[in-house]
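S.K.: Below you will find the structure I want to go over with you.
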Amino acid sequence: MSAARLGSRFWTLFSATTISNLGDGIGRVALPLLAATLTRDPVLVGSLVSFSFVPWLLFALLSGALVDRMDRRKAMIGANLIRAVIVGALGLVVLTGSAAVWMLYIAAFLLGAAETLYDSAARAMLPAVIDRDQLETGNGRMEASEVVSQEFVGAPLGSVLFVLVAAGPFLANSAGFLIAALLLFALPGSYRATREPAAPDEAGPASADGPAKRSLRREIGEGLRWLWGHRLLRALMLLTGLVTVALEASMAMVVLLVVDELNLSEAIFGLFALAMGVGGLVAGLTAGAVTRLLPRAAVLVSSLAVTGLSLLAVGLIPVPLWAAVMLAVSALSIVLFNVITMSLRQALIPAHLFGRVQGAWRTVVWGLMPFGGLLGGVIAAMAGLRTVYLVSGIAQLVIAAAFWLLVRRPDVDLENLAPPEESDATGLDDGEAVHPLGTDSHEDGSDGAASNDGAASGGRAAERRP
């Protein structure tokens, strides 16, 4: 599928995401660097890197339910404006020389809270701006944008800015969020998901002003029940949570690996992030082609196995160039894994449930990230930094074996996926014709014939279980 066919709405969303990720990458590199100037405690540094993911445990379900009620584009704009204010305030604190570790933890938590809304909305919007058979290509482009903006460009730039002016990365991050919000204003159409009418026992009392409103608590429960009842997605979620813990344990320690274990300067840390960005870029640009050439199941299992082997290599041979190359390989393989699991969710989850189901998924998967960072810090404090990478690598290999057992089950078929029961938000103005998958109708007048991976046309109900 050519990139040109992704359409103008995709590229507007892509541009906004790229600018946002650039500012985000600059700030995220500066945060652990700033922490390392305030403390050398590996537990504090490692926990800070992961602390922004704590809100996924607290707010992901609520954010997902709100996304299913709101125009997703407006939700992204609001979240970006909030993040611009938070990180801008942090930059001013650093500029005055009054920064403290506890302030960094507060900023990381607030940024993570806003991110729960932004990320849920962004993931839900993508199926509305491209065809279903383009999901892996579109997700690949988005992943490539993220790793290039955050790692390839943002991370080295953040390191340089931090060395020059400690507040510079945070102020640049704030500007990036503001620019991204402005770009999202230019995206045409409405992106509010089609909603099913509330059942009588799920609705609140009717009023003279309009129909009864659904209970937010019941809506969240509906998303939880749907996800837990879907055997394939439930298993993927639990195993991906374990992947996240093992990966975050090693990634949270990269700054200390570079500065303390490899005895390199803080500026060189940006080059390691750059190497990982190159790996992620290659994966993002080739993900669509890889999944067309190889079965999804094979790519899932092999990507985790390669991640485990590369992390083991970092722990066994702590040589700077070797470590940078192996971290790049791990980034390549984990981005392939992310693209496939995201595309599976977008293909299988009905549009009106996507925010809530995605919120439940992220509550588990991203909510476990702080424990991964904390675990990495504890292992480093007790047994050294190299041990973190050895333990993480072995864990990834064990999880890869579990994935292999899962995809070999006779009732699991990742190549022929049942589509959602309904369309997503259309991204079209009121009165325009609506394609069943939320995209423009085909020129031949068809409404989206079934694709090779099981896309359905019309309003036909589809099986949701594998």
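Cβ coordinates come from backbone N, Cα and C, glycine included.
Because TrEMBL annotations are produced automatically, they should be read as predictions rather than curated entries.
Small disclaimer: the values here were computed from a predicted structure and weren't measured.
Sharing the features that TrEMBL gives for it:
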- 421-431: compositional bias 'Acidic residues' (COMPBIAS)
- 447-460: compositional bias 'Low complexity' (COMPBIAS)
- 9-411: domain 'Major facilitator superfamily (MFS) profile' (DOMAIN)
- 417-466: region 'Disordered' (REGION)
- 43-63: transmembrane segment (TRANSMEM)
- 84-111: transmembrane segment (TRANSMEM)
- 160-187: transmembrane segment (TRANSMEM)
- 235-259: transmembrane segment (TRANSMEM)
- 271-290: transmembrane segment (TRANSMEM)
- 297-317: transmembrane segment (TRANSMEM)
- 323-344: transmembrane segment (TRANSMEM)
- 364-383: transmembrane segment (TRANSMEM)
- 389-407: transmembrane segment (TRANSMEM)
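Burial and contacts for the listed features, if you can.
M.R.: For the domain 'Major facilitator superfamily (MFS) profile' (9-411), the model's average pLDDT works out to 85.
Here the transmembrane segment (84-111) has Cβ contacts under 8 Å with residues 23, 27, 31, 34-35, 38-39, 44, 48, 51-52, 54-55, 166-171, 173-175, 177-178, 181 of the same chain, all six or more residues outside its ends.
Away from its own ends, the transmembrane segment (160-187) comes close to residues 9, 12-13, 15-17, 19-20, 22-24, 26-27, 29-30, 33-34, 37, 73, 76-77, 80-81, 83-85, 87-88, 90-92, 94-95, 266-267, 270, 427 of its chain (Cβ-Cβ under 8 Å, at least six residues beyond either end).
Below 8 angstroms of C-beta separation, residues 32-33, 36, 42, 45-47, 49-50, 227, 265-266, 268-269, 272-273, 304, 307, 311, 314, 318, 323, 327, 334, 337, 341, 344, 361, 364-366, 368-369, 371-373, 375-377, 379-380, 385, 388-389, 391-393, 395-396, 399, 402-403, 406 of the same chain, each at least six residues beyond the ends of the transmembrane segment (235-259), sit close to that stretch.
Beyond its flanks by at least six residues, the transmembrane segment (271-290) meets 1, 29, 136-137, 139-148, 150-153, 155-156, 159, 254, 258, 299, 323-325, 327-333, 335-336, 339-340 of its own chain at Cβ-Cβ distances under 8 Å.
Here the transmembrane segment (297-317) has Cβ contacts under 8 Å with residues 243, 247, 250, 257, 290-291, 323, 326-327, 329-330, 332-334, 336-337, 340-341, 386-390, 392-397, 399-400, 403-404, 407, 412, 414-415 of the same chain, all six or more residues outside its ends.
Same-chain neighbours of the transmembrane segment (323-344): 123, 135-136, 139-140, 143, 147, 151, 232-233, 236, 240, 243, 247, 254, 257, 262, 271-272, 275-280, 282-284, 287, 290-291, 296, 299-300, 302-304, 306-307, 310-311, 313-314, 317, 414, 417, counting only residues six or more beyond its ends whose CB sits under 8 Å from a CB of the stretch.
Long-range neighbours of the transmembrane segment (389-407) within the same chain, counting only residues 6 or more positions beyond its ends whose Cβ lies under 8 Å from a Cβ of the stretch, are 235-236, 239, 242-243, 245-247, 249-250, 253, 257, 297, 300-302, 304-305, 307-316, 376, 379, 414.
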S.K.: Go through the chain and flag residues at least 6 beyond the ends of the transmembrane segment (43-63) whose CB is under 8 A from any CB in it; none is fine as an answer.
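M.R.: For the transmembrane segment (43-63), the sequence-distant neighbours (Cβ-Cβ under 8 Å, at least 6 residues beyond its ends) are 31-32, 35-36, 101, 104-105, 108-109, 111-113, 115-117, 120, 216, 220, 223-224, 248, 251-253, 255-256, 355-356, 359-360, 362-363, 365-367, 369-374, 376-378, 380-381.
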